[in-house]
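Each remark here refers to the structure printed beneath this line.
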Protein chains: 2
Amino acid sequence: MTQYKIPNATIKRLPLYHRYFQFLKDSDKKKISSTELAEAVQVDSATIRRDFSYFGSLGKRGYGYEVEPMLDFFKRLLKQDKTSPIALIGVGHLGNALLNYNFSQTNNIKIVAAFDNNPEIIGQKINDILVSDMQDLTNLLQAQKIDVAILTVPATSSQKVADQLVQAGIKGILNFSPIRLATPPAVRVHNVDLANELQTLIYFLDNYR
Amino acid sequence: MTQYKIPNATIKRLPLYHRYFQFLKDSDKKKISSTELAEAVQVDSATIRRDFSYFGSLGKRGYGYEVEPMLDFFKRLLKQDKTSPIALIGVGHLGNALLNYNFSQTNNIKIVAAFDNNPEIIGQKINDILVSDMQDLTNLLQAQKIDVAILTVPATSSQKVADQLVQAGIKGILNFSPIRLATPPAVRVHNVDLANELQTLIYFLDNYR
């Protein structure tokens, strides 16, 4: 499968499609029209057709999509046969919420380790996940073969902690701090910037109503 | 200012630029080179130049950017002179974390109202924000002139609550539930899908290393 030309925007929609076909399967649906699919995932059908076209001929024009083969396809594409163990760094309010978040509901992402440097938090169990000492970061990440981390530390220490994660061999960081991290090219950082999201939404409301 | 041709990707970066120039001002910096700016916000300088070009000639080639006029520009652009009051619906783990999140650190977004339907949570104050009963939603939103809401209710009730928000006159929703909401065209929904973010990051690591 040639994948290097797939636009980022398409890739970001793949989990959405996967999740919806999983929902259809769970609801015992066998088939869905492209109009219904567009309505359900709130992506227009031309975009869906273009997205799917990167992966060969999925579905037939005027017929819609068969749930089971589509689900199998997205499962394979998103490697749903293997579980991805994730670490979370920084167990403040947001870190706590993410530890309690049910990531694995429709996929096999699982936070398996959490880290903090606060002695009052270290040793606690949150949603069955033990909070470990930052000092044990490298050992524990390597022992558990974790290469993706969620970063929910304060802005003031996020770059320092990111450096530690890179040192420990982490390959991907989901960064919730409002700082843009400097990392080597081999380490991929995705940013979830909550204030930014709100401000962008408000900008659109102010300017495009 | 002509704004209707600005790409969404550019708009999403505006708060980032604004925040960084604010940081420079707070650090008493007067000027920054385009290379330094690119490094700091982790956006390549060609993209920065293109982003800025939508707003006329900001900065001079080979000279860099003067902090104060740039900050003033972004402040005006992002309407930082007015405060945007926000409501949060659904005070679970994530809602709680967002109520404790310091949105107003570098901008004037402020959560001023929170709602839940759980009698044990209603009446609590979290980070000085009173949690009100969902039954008072319409009255309180209108009294406080709130037209943006953060939605952190469980997936099973997010569409129902979104319908109530639309009824109450909300114009923008930042949706954290993994459900894509159906809303009238006049209501803008931005989605922050945490499982999706993680899955996309893992997809990139698996396929583009």
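Each Cβ is built from the backbone N, Cα and C atoms, and glycine gets one as well.
What TrEMBL says about a protein is an automatic prediction, not a curated fact.
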B:16-55, B:56-95 - the range that TrEMBL marks as DNA-binding region: B:16-55
Mean per-residue pLDDT computed across the domain 'CoA-binding' (B:79-180): 92
Residues satisfying Cβ distance under 8 Å from B:LEU94 (NAD(+) binding site), sequence separation of at least 6: B:THR152, B:PHE176
